[in-house]
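Reviewing the structure listed below.
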């Protein structure tokens, strides 16, 4: 991985890491603007006279662009944060300026909705460059025992920003061109944070880790064991040096002595499935190995299905409210998920760090998936009641806060940090694709009940099919999470025997 810097002193190292965290929070705040689509969706629909299916496609492609994090993730793994931020600067600013220009040619774009959808897709791609830089750099720079807290802090800015942008849209922007002005605001915001990322975000080798990694002779045979992932994680499971010197004695297997293997086994047994990686522990996995890894599929598809449920509700909450004649509460409804997520992300991250030996992160994630199940069930049955719609939306926000706080942390613990950009990028790409499918189905069912000559549909019949599909996806995510825990608990018991 590129852009490694050697700190001059522990104090300067700490300052530079904290500065990077502050910049990362600002970057995550701006990238969170992707989830404010529901605020301007109605204006977009009326400005260009789009159908609901067309709006759903644009919303889905915006998130599919974010899901294209696989490619920015590879760029990050290869070139580091500086070049990745530069790419995000060019792509994001260009795309949002194109969206700003669409309001000057409403007749043309009204007939070519697919072109606006492409612009949104490019916006999503540009955003994920910034997202990857902010998240991955800070995950790598800070000790893994604080990973839940670090990701929680970043996620609170990421998830909380829609509430601020919503207030700006409803209170700060006036006139018929609010959509265009909003896109211009996003262009300026991304330009600002990406420049900050280029200047200040760097990857620093952690002193506490390098102190525990001994230098070995740089022979061709032995140097292959000095994995980057071992450098990152060496001090996480043991206070003793992980790598042996040439002059050490005792039984040795691939550079590890028996005592170290015992310490590793004890550490693994303390945290159960929470820190159980896979048969390739300590090694980087190739794409082929990753695809053949059962843990990766169980964990990733659990995240994918749950994230798709949250995405569908967030992007359609104003549509749901309007269908149920509750659109007078839009100003409040669009704030529930951002405020809930911002408030709970740090709390969930801290709790997962402090009690990870008693309450594995995976157990919290299964609980989060269960929150999505209850949320969709409440909206499906009692959605016409405003109070219960608020409760269902709140539970969705609770699930989102745990999901986006803990899943990056668990992904980095299950698999090599060296490929965190690639691995996490694959997960969010799949989530975007599945989200696209669910949202298109939601829009198709909605439009099927629209009276000819109008744009809007009213009644539970408009949303039942889409919410029912989201409910099914939530149930499947719980099932996969439980299967992951059972599988790895059995493997852990076998190893301890």
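Note that Cβ sites are derived from N, Cα and C of the backbone, with glycine treated the same way.
Predicted automatically and left uncurated, TrEMBL annotations should be read as such.
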Of the ranges 182-204, 205-227, the one TrEMBL annotates as transmembrane segment is 182-204
Before we move on, state whether the transmembrane segment (362-382) and the transmembrane segment (182-204) share at least 3 Cβ pairs under 8 Å, counting only pairs 6 or more apart in sequence.
no
Sequence-remote partners of the transmembrane segment (298-321) [C-beta within less than 8 Å, at least six residues beyond its ends]:
35, 37-39, 41-42, 52, 56, 59, 63, 327, 329-330, 333-334, 337, 362, 365, 368-369, 372, 375-376, 379, 383, 389, 393, 396, 399-400, 403-404, 407, 410-411, 414, 426-428, 430-431, 434-435, 438-439, 442, 446, 463, 466-467, 470-471, 473-474, 476-477, 480-481, 483-484, 487
Look at every Cβ pair spanning the transmembrane segment (182-204) and the transmembrane segment (388-411), keep those 6 or more apart in sequence, and say whether at least 3 of them are under 8 Å.
no
May I ask you to check whether the transmembrane segment (148-170) and the transmembrane segment (466-486) make contact, with contact taken as at least three Cβ pairs under 8 Å and only pairs 6 or more apart in sequence counted?
no
Are there residues at least 6 beyond the ends of the transmembrane segment (83-102) whose Cβ is under 8 Å from a Cβ of it, and what are they?
2, 48, 72, 75-76, 109, 116, 119-120, 122-123, 125-130, 132-133, 180-181, 183-184, 186-187, 190-191, 194-195, 197-198, 201
With pairs closer than 6 in sequence left out, are the transmembrane segment (15-37) and the transmembrane segment (423-446) joined by 3 or more CB pairs under 8 Å?
no
Same-chain residues at least 6 beyond the ends of the transmembrane segment (333-355) with a Cβ under 8 Å from one of its Cβ atoms are 32, 35-36, 38-39, 145-153, 155-157, 159-163, 166, 310, 313-314, 317-318, 321, 326, 361, 364, 389-390, 393-394, 396-398, 400-402, 404-406, 409
Restricting attention to the domain 'Major facilitator superfamily (MFS) profile' (294-497), give the mean pLDDT.
86
